[in-house]
Amino acid sequence: GTGCSSGCHRVGQQCRCG
């Protein structure tokens, strides 16, 4: 699906946390 885990944001094709 779309979106990332809570506290994370999309970076290109992946999600990044912190």
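Keep in mind that glycine also has a Cβ here, set from the backbone N, Cα and C atoms.
Worth saying up front: this structure is predicted, and the values here are computed from it rather than measured.
Per Swiss-Prot, the disulphide partner of Cys17 among Cys4, Cys8 is Cys8.
A separation of roughly 7 Å, to the nearest angstrom, links the Cα atoms of Cys8 (disulfide bond) and Gly18 (glycine amide).
With a cut-off of 8 Å between CB atoms and residues at least 6 apart in sequence, the same chain places Cys4, Ser5, Gly7, Cys8 near Cys17 (disulfide bond), listed in sequence order. For Cys4 (disulfide bond), the number of other Cβ atoms no farther than 10 Å from its own Cβ, over all displayed protein chains, is 13.
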